[in-house]
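Down below is the structure, laid out as structure tokens.
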Amino acid sequence: MASVMQKLITPLCSGPQRPRNKVTVVGVGQVGMACAVSILMRELADELALVDVIEDKLKGEMMDLQHGSLFLKTSKIVADKDYSVSANSRIVVVTAGVRHREGESRLNLVQRNVNIFKHIIPQIVKYSPDCILVVVSNPVDVLTYVTWKLSGLPKHRVIGSGTNLDSARFRYLMAEKLGIHSSSFNGWILGEHGDSSVPVWSGANVAGVNLQKLNPDIGTDADKENWKDAHKMVVESAYEVIRLKGYTNWAIGLSVADLAETLIKNLNRIHPVSTMVKGMYGIGDEVYLSLPCVLNNGGVNSVVNMTLTDEEIAQLKKSADTLWGIQKDLKDL
């Protein structure tokens, strides 16, 4: 006797097709789920996979999202601790790792996270050899370098979320002070995500009007208007949010979805993300730092050569030296 399904539906082809825009999120903590939800709300993926080592939490998050399927445009949401669930992903977002502690420098997190990545990265590449890896775990620049080394993927397909969020914070804070929307203030934070990030005051502008021409001292100690406080707030803001609510997640989730959209839709938009910078601005070591990168469906397509001041280049080199000082001592890469 035919089943209800057999009576209702006449199949015309065999089996489901491979997903075209599958996204996997590794780590279902606060940041991972903020990334997942932000990507779902932007309708970027035709399949979302979640991977974590904590099975109950993983299953619970998957079920919770599946129950909202009516309100989403992503037809398939799956999860498993086995990385085979991530097979055929276009983008894999890595948020796994030990959490940033209140008052802890991002750089102190490195060694605690490297050993975790030794298990994660080879598994991702095994099942999705053609994917673009987007690293979010902190300290993101060093861990993006670690991911590149462990993955064996070309450098343009290993990207760190970098200063995309720092720049967004900077644009928000500067725009608030100017009474305009953050999208109307153009400013870049480059270098290391976090403590030694580099504000490019020489390029800060509104509607093409360079702020440094209006105030030659902007961003310096000589500036009577103290605009440099905006960058100070960018550096301190993550620590402040962690102090207040215990973690940061929503802004980074939105930032990662923004990157995912550019990658999936082949938009060729420019984002400040962490990429291999050896040979640029006089940097001689293999380090990942944020520069303005043109992103498309192949990953980092190119890097924009910004006209930086000598001081800004010096700060960028200092960032590189700081990171290399840690990277050179890492084992088993």
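Backbone N, Cα and C atoms are what each Cβ position is placed from, and that goes for glycine too.
Pulled from Swiss-Prot, these are the features on record:
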BINDING   29-57, Arg99, Asn138  NAD(+) binding site
BINDING   Arg106, Asn138, Arg169, Thr248  substrate binding site
ACT_SITE  His193  active site, proton acceptor
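Known features from Swiss-Prot, placed on the structure.
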| residue | record | DSSP (3 states) |
| --- | --- | --- |
| Gly29 | NAD(+) binding site | coil |
| Val37 | NAD(+) binding site | helix |
| Ala45 | NAD(+) binding site | coil |
| Lys57 | NAD(+) binding site | helix |
| Asn138 | substrate binding site | coil |
| Arg169 | substrate binding site | helix |
| His193 | active site, proton acceptor | coil |
Which listed residue (Lys57, Arg169, His193) has most other Cβ within 10 Å, given these are recorded positions: His193
Binding-site residues: Met33, Met41 - member with fewest neighbouring CB atoms within 10 Å: Met41
Neighbouring C-beta atoms (10 Å sphere around the C-beta of Asn138 (substrate binding site)): 29
Those binding-site residues of Met33, Asn138, Thr248 having Cα within 10 angstroms of His193 (active site, proton acceptor): Asn138
Of Val37, Ala45, Ala49, Val53 (the binding-site residues), the residue whose Cβ has the fewest other Cβ atoms within 10 Å: Val53
Thr248 (substrate binding site): secondary structure state under DSSP, collapsed to three categories: coil
Spatially closest candidate among Asn138, Arg169, Thr248, the listed binding-site residues, to Gly29 (NAD(+) binding site) (Cα to Cα): Thr248
Packing count at Thr248 (substrate binding site) (other Cβ atoms within 10 Å of its Cβ): 21
